[in-house]
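**Q** The disulfide bond annotation in TrEMBL covers Cys42-Cys352. If you look up TrEMBL, you'll see Glu53, Ile116, Asn167, Asp168, Asn223, Asp268, Asn269 marked as Ca(2+) 1 binding site. According to TrEMBL, the feature Ca(2+) 2 binding site maps to Asp54. What TrEMBL records for His114 is active site, proton acceptor.
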Amino acid sequence: MGKLLTLAVLGVAVALLGERLLSFWHRLAVSRELEPKRLPNCHLIKGIEYGSEDIDILPNGLAFISSGLKYPGVKSFAPDKGGQIFLMDLKEDNPRPVELRISRGFDLASFNPHGISIYVDNDDAVYLFVVSHPHYKTVVELFQFIEDDNSLVHLKTIKHDLLERANDILAVSPESFYATNDHYFSETILMYAEMFLGLSWSNVVYYSPNEVKEMASGFYSANGINISPDGKYIYVADLLDHNIHVFEKHANLSLTPLKVLPVGTLVDNIAIDPRSGDLWVGCHPNGLKILFYDPENLPGTEVLRIQDILSEKPTVTQVYIDDGSVIQGCSVAAVYEKHLLIGTVFHRGLHCEL
Ligand SMILES: *[C@@H]1O[C@H](CO)[C@@H](O)[C@H](O)[C@H]1NC(C)=O
């Protein structure tokens with residue numbers, strides 16, 4: 001009887017693991033292969049070699065690009081020094097990235113920038129919020145951008161228990177923001193277990209100096225976050241659930257779920273076209289390839305444009321697809337007028353004219 005019970009327990013355990021593995025495989029879209037779909041006017045951006053994980057663009061065409069991310073479970077070819085913020089002026093004829101100087105006293109060596117967000121204050125002061133992982137911990141660095149000087153003045157470092165797995169950030173005032181935590185656990189091994197078991201414990205947190213609290217939860221892996229041009233709706237990309245959540249943002253800053261749009265791919269950062277309100281999403285066509293980098297089987301790039309997301313029938317268009325032969329590991333696609341900038345987790349950046 002004892003042996004029979006052991007066998008039964010083992011049988012159940014194997015079945016459960018098998019079921020989890022299948023569902024994990026599905027979340028990673030391991031068998032997904034796409035035909036390339038190119039745009040006619042694209043070139044790799046000179047000077048960006050080690051990633052361009054997130055991009056945010058000011059109304060005057062200045063694009064901020066975070067580069068040099070090193071993150072557990074994510075490929076990096078970056079040298080053993082700090083990451084950078086690049087600036088590209090899309091109003092110029094041949095925009096080139098320029099590395100922004102950071103004010104003295106800031107620890108450049110451990111700067112490890114991830115999601116970024118710009119906030120322009122009423123007095124036109126420009127603030128840049130940056131999720132950074134110094135020594136693989138997580139903080140938010142707040143800077144003021146000084147345009148005359150191409151520099152960032154460091155204002156403060158924000159660290160909080162509710163931000164330990166912060167990935168992307170959305171500034172809503174000079175000192176407050178929403179951020180996504182892409183997992184519940186910050187320890188790598190537990191993070192993998194969380195992913196493998198398919199737990200939906202990832203969330204969105206609101207931070208202000210007076211109040212920090214969870215505003216939405218139940219994501220498999222909340223990643224990109226952004227806001228509609230009128231400030232009424234917040235969009236959150238769930239990377240492992242292959243969809244975009246739309247929330248209504250109330251005056252008291254709480255979020256009410258409005259709808260979920262399935263898009264069938266691993267959605268990373270979300271950028272907004274300020275003119276049309278369209279969402280532009282940098283996506284990983286195949287999660288296995290981005291998570292387990294293999295130079296013989298490169299992670300590709302997929303860029304989606306989502307129009308009329310609030311309507312009953314939003315239009316989702318695959319604007320650009322590459323198998324990794326041009327650009328690998330896409331994490332963001334941001335537009336400014338006729339410009340499309342495609343950024344990556346660890347690879348280069350692509351500049352296209354639409
Ligand atoms: C915030 O405002 C919304 C809409 O008015 C309301 O439903 C919700 O209960 C409020 N939440 C808090 C925490 O006050």
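Cβ atoms are placed via backbone N, Cα and C, with glycine included.
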**Q** When you put Ile116 (Ca(2+) 1 binding site) at the centre and draw a 10 Å sphere around its Cα, which of the recorded positions Cys42, Asp54, Cys352 have their Cα inside it?
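**A** Checking Cα-Cα distances against Ile116 (Ca(2+) 1 binding site), the recorded positions within 10 Å turn out to be Asp54.
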**Q** Determine which residues of the same chain, besides Glu53, Ile116, Asn167, Asp168, Asn223, Asp268, Asn269, have their CB within 8 A of the center of the CB atoms at the recorded Ca(2+) 1 site, and list them by sequence.
**A** Asp54, His114, Gly115, Thr180, Gly224, Ser331, Val332
**Q** Work out how many Å separate Glu53 (Ca(2+) 1 binding site) and Cys42 (disulfide bond) at their Cα atoms, rounded off.
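**A** Answer for this pair: 18 Å between alpha carbons.
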**Q** Glu53 (Ca(2+) 1 binding site) has how many other Cβ neighbours within 10 Å of its own Cβ?
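**A** Looking across every protein chain shown, the total is 30.
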**Q** Tell me the Cα distance separating the residue listed as 'active site, proton acceptor' from Asn269 (Ca(2+) 1 binding site), rounded to the nearest angstrom.
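**A** For Asn269 (Ca(2+) 1 binding site) versus the residue listed as 'active site, proton acceptor', the Cα atoms are 11 Å apart.
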**Q** Per 10 Å Cβ neighbour count, which of the recorded positions Cys42, Ile116, Cys352 ranks highest?
**A** Ile116
**Q** Count, for each of the binding-site residues Asn167, Asp268, Asn269, the other C-beta atoms lying within 10 angstroms of its own C-beta, and report the residue with the smallest count.
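**A** So among Asn167, Asp268, Asn269, the binding-site residues given, the one with the fewest Cβ atoms within 10 Å is Asn167.
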**Q** Whole-number Å distance between the CA of His114 (active site, proton acceptor) and the CA of Asn167 (Ca(2+) 1 binding site)?
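**A** Pair distance, Cα basis, whole Å: 7 Å.
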**Q** Give the number of CB atoms, excluding that of Asp54 (Ca(2+) 2 binding site) itself, located within 10 Å of its CB.
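**A** Counting Cβ neighbours of Asp54 (Ca(2+) 2 binding site) within 10 Å gives 31.
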**Q** Just to verify a number: CA distance, Cys42 (disulfide bond) to the residue listed as 'Ca(2+) 2 binding site', in angstrom, no decimals.
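**A** About 19 Å separate the Cα atoms of these two residues.
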**Q** Over all shown protein chains, what is the count of other CB atoms within 10 A of the CB belonging to Asp168 (Ca(2+) 1 binding site)?
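**A** I count 29 other Cβ atoms within 10 Å of it.
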